[in-house]
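*Asks:* Dumping what Swiss-Prot says about this protein:
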- 1-19: signal peptide (SIGNAL)
- 28-250: domain 'Peptidase S1' (DOMAIN)
- 53-69: disulfide bond (DISULFID)
- 68: active site, charge relay system (ACT_SITE)
- 113: active site, charge relay system (ACT_SITE)
- 175-193: disulfide bond (DISULFID)
- 200: site 'Required for specificity' (SITE)
- 202-226: disulfide bond (DISULFID)
- 206: active site, charge relay system (ACT_SITE)
């Protein structure tokens, strides 16, 4: 699993003392094509006219994504592509009016890695563009979840078409234990972990949705290497962060 974004480089140096395995771009490993009408809440966040991160439709005006995707970036450079099978064409491209990153976001450890943005014009919902409900309880260990995004595929190239992969939730305590390679300092109380043999999500998928039973349970945050059994994917826990999401969405 690659580290999801340049902001996590310090984290890798602290964790392993060696940044040689850091990948500048990542991928959904072991994924398959996902029709946008089967994940109509998925969006592509574009910065300087290219895909930067995934995002999730919360309402006609609000998108949820990872904090590190927007942190200290200029809103004038941001647009969101919605209702598109491909990140680089189709659907509707909407400018961003404003965004808010969680006040406790930590770019060093990627704790509280959550943000919301407000679109300049409201979306029109349809088969390929729709909001998703937020989970009210954190998923238990062993829950099957689906992650989607346009990150690089197994051949190392950015995927033009939306991809999906099925994973299983790993209990937070287990993820932070010596069974895996992170430790308690890196797996915060506001995170959940998920993994599967030969399947994973990485950099280009940051900010995208982790879904169970048609509810948003997580936001792709960070990890190390791709589909490495010792390093599960780490996601912002939507149930834990739900009060902040609702408040920020109403205030922005």
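All positions are counted from 1 along the displayed chain.
Placed from the backbone N, Cα and C atoms, the Cβ positions cover glycine too.
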*Asks:* Please state whether DSSP places residue 193 (disulfide bond) in a helix, a strand or coil.
*Replies:* strand
*Asks:* Filter the recorded positions 53, 68, 69, 175, 193 down to the ones within 10 angstroms of residue 113 (active site, charge relay system), Cα to Cα, kept in sequence order.
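*Replies:* So the list reads 68, 69.
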*Asks:* Counting every protein chain present, what is the number of Cβ atoms, excluding its own, within 10 Å of the Cβ of residue 193 (disulfide bond)?
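*Replies:* Taking every protein chain into account, the count is 25.
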*Asks:* Using C-alpha positions only, work out which of the recorded positions 53, 68, 69, 175, 193 is nearest to residue 206 (active site, charge relay system).
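*Replies:* Checked the recorded positions 53, 68, 69, 175, 193; minimum Cα distance to residue 206 (active site, charge relay system) goes to 53.
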*Asks:* Using a Cβ cut-off under 8 Å and a sequence separation of 6 or more, which residues in the same chain sit near residue 53 (disulfide bond)?
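*Replies:* Sequence-distant Cβ neighbours: 44, 45, 65, 66, 69, 204, 205, 206, 207, 208.
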*Asks:* Return the residue, from the listed disulfide-bonded residues 69, 175, with the maximum count of other C-beta atoms within 10 angstroms of its C-beta.
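*Replies:* It comes out as 69.
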*Asks:* When a 10 Å sphere is centred on the Cβ of residue 68 (active site, charge relay system), how many other Cβ atoms does it contain?
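*Replies:* There are 26 of them.
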*Asks:* Determine, to the nearest whole angstrom, how far the Cα atom of residue 193 (disulfide bond) is from the Cα atom of residue 68 (active site, charge relay system).
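*Replies:* Their Cα atoms are separated by 18 Å.
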*Asks:* Would you identify which of the active-site residues 113, 206 has the most other C-beta atoms lying within 10 angstroms of its C-beta?
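*Replies:* Per the Cβ count, the most surrounded site is 113.
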